[in-house]
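Participant: Starting off with a structure, shown below.
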Amino acid sequence: VYGVMVMEMSQGSDAQDFIRDDHLSGVTWHMPYSLGFQVSLTAFLMLELVLGFSSNLTVLVLYCSQSNLVDSVSNMVTVNLHVLDIAVCLLCVPLTLVVVLLPPGPNLALLCCFHEACVTFASIATAINILVISLDRYDISVRPANRLLTTRRAALLLTAVWITSVAVFFMPFLEVQWSAWRNRTLLCVGGQGYYTGLGMYYHLILQVPIFFVTVVVMLFTYSRILRALNIRIGSHMRKTTSPPAQSSAAPLIASEAGAATALPTTMGVQASVSAIIALRRAVRRHRDRRERQKRVFKMSLIIITTFLCCWAPLSVTNILILSIGPSDVLVSLRLWFLALAYGTTVSHPLLYAFTRQKLRRALRAKVKKRVVSLLQVDPSPGGTVIHNSWVETRKTSRQVRLEASEGTDRHLAEAL
């Protein structure tokens with residue numbers, strides 16, 4: 001009887017302990033985000049995942065299918081950026097979705113640590129790759145004849161970029177091993193509090209200065225690119241406008257000489273026609289260069305603004321977390337800004353790949369070939385062939401003029 005009473009008392013105490021633990025877990029572990037927050041952020045992340053992965057994969061397929069596309073240092077660094085964007089779409093964005101949707105539990109701390117490692121990798125790797133692209137465009141615009149960034153140096157530089165990006169991935173794990181955190185989460189809502197020690201946020205300290213260094217380098221390089229473009233256009237305009245002035249004065253001299261020496265009238269007419277044609281060509285070249293200058297300025301402004309709009313809010317939030325400490329509001333806001341930063345996976349193909357004429361021509365050729373294969377019918381005795389007028393390659397006078405003036409400013413045109 002005594003043994004039965006002891007067993008009943010032990011079972012009752014175990015049940016009370018389980019209820020007490022369940023009650024305590026209900027107090028400490030709570031639902032991290034509201035339903036509206038989860039639905040809206042999940043939809044935004046899924047849209048970025050689909051668009052970013054498909055666009056970057058399209059760019060890589062075009063680069064791989066056309067061997068003449070990857071023929072320069074600029075294309076090498078651009079391809080490297082698209083490979084990084086695909087890695088971000090396949091690794092970082094799905095893990096952020098899991099953090100947003102997964103209910104709190106005992107494995108939340110490890111999941112948050114892995115998520116912070118992916119965020120650190122995406123932030124630093126993207127900033128360094130944008131920095132390399134800015135330096136490459138500065139090199140090709142300011143020093144087109146004697147480039148510092150050769151193919152061998154570019155390969156070594158990109159290898160160092162990937163080694164650095166993979167190394168910073170392990171920083172949050174090293175911070176966890178160095179500090180006794182006791183199930184506290186690393187910037188995830190829903191855990192048993194946050195670790196407020198500075199030793200757990202060295203990865204944030206590293207992200208902030210790299211972002212500002214990249215912004216400063218971008219402002220410097222693109223300003224020098226615009227300055228080089230202005231000087232090149234101005235000097236070339238002075239060289240091209242002086243011969244038409246002489247040729248325009250040539251008919252007057254020819255007419256006076258013709259009156260004195262009784263030259264045939266047809267020679268004066270031919271000189272006048274040649275002068276008019278040369279003057280029109282000079283005006284067209286001048287207008288084309290002015291339009292190219294406006295396009296380069298507009299693209300430079302869009303590239304810098306896009307990088308600032310996508311990554312500046314996340315960097316400011318990191319500064320606030322480092323200064324006043326983490327909180328549920330800051331961590332939730334940081335997730336939204338992180339989703340905004342993932343938007344660069346969608347904007348990079350538009351800004352760095354599809355702005356290149358070679359890639360656009362390759363994409364247009366692929367689309368035309370696909371449309372032709374769908375529209376054409378095998379000729380048969382009673383069959384017909386469907387012709388589509390827009391599929392045929394046509395060169396307008398505008399395209400001919402651009403191709404004629406492309407040779408003089410080839411390096412600056414390839415820069416942007």
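Using N, Cα and C of the backbone, Cβ positions are placed for all residues, glycine too.
TrEMBL does not curate its annotations; it predicts them automatically.
Remember, it's a predicted structure, so these values are computed and weren't measured experimentally.
Feature table excerpt (TrEMBL):
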DOMAIN    55-352  domain 'G-protein coupled receptors family 1 profile'
TRANSMEM  41-63  transmembrane segment
TRANSMEM  83-102  transmembrane segment
TRANSMEM  108-133  transmembrane segment
TRANSMEM  154-174  transmembrane segment
TRANSMEM  200-222  transmembrane segment
TRANSMEM  296-321  transmembrane segment
TRANSMEM  333-354  transmembrane segment
Participant: Cβ pairs under 8 Å only, please: of the recorded stretches 41-63, 108-133, 200-222, which one is richest in them relative to the transmembrane segment (333-354)?
Facilitator: 41-63
Participant: Need one number: mean pLDDT over the domain 'G-protein coupled receptors family 1 profile' (55-352).
Facilitator: 80
Participant: Under 8 Å between C-beta atoms and at least six residues away from its ends: which parts of the chain pack against the transmembrane segment (41-63)?
Facilitator: 33, 69-70, 75, 79, 82-83, 85-86, 88-90, 93-94, 96-97, 100-101, 335-336, 339, 342-343, 345-346, 348-350, 353-354, 359, 362-363, 366
